[in-house]
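Visitor: What follows is a structure written as structure tokens; I'll ask about it next.
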Amino acid sequence: MNIVVNCPICDSTVEWKPENQYRPFCSERCKKIDLGTWAADNYVISGAQETPSEAHPGDDSD
């Protein structure tokens, strides 16, 4: 049974299998577009933002 997903960038169908080195993307191009979007801070993960002291309690290296 083949699992088929949609590319998150261009919405084309992609087979989810080990031979597809770009999964879940359809191509290297779509994979790089997604990476660039993350690098440009255009994607966000929802949640409360931590201050540096909350991120590493007990670390007084400031």
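Here the Cβ of each residue, glycine as well, is placed from N, Cα and C on the backbone.
As listed in TrEMBL for this protein:
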BINDING   Cys7, Cys10, Cys26, Cys30  Zn(2+) binding site
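Each of these features: where is it, how hidden is it, and who are its neighbours?
Guide: DSSP assigns Cys30 (Zn(2+) binding site) to a helix. All chains included, 19 other C-beta atoms sit within 10 angstroms of the C-beta of Cys30 (Zn(2+) binding site).
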Visitor: Counting other Cβ atoms within 10 Å, pick out the least crowded of the binding-site residues Cys7, Cys26.
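Guide: Cys7, out of the binding-site residues Cys7, Cys26, has the fewest neighbouring Cβ atoms within 10 Å.
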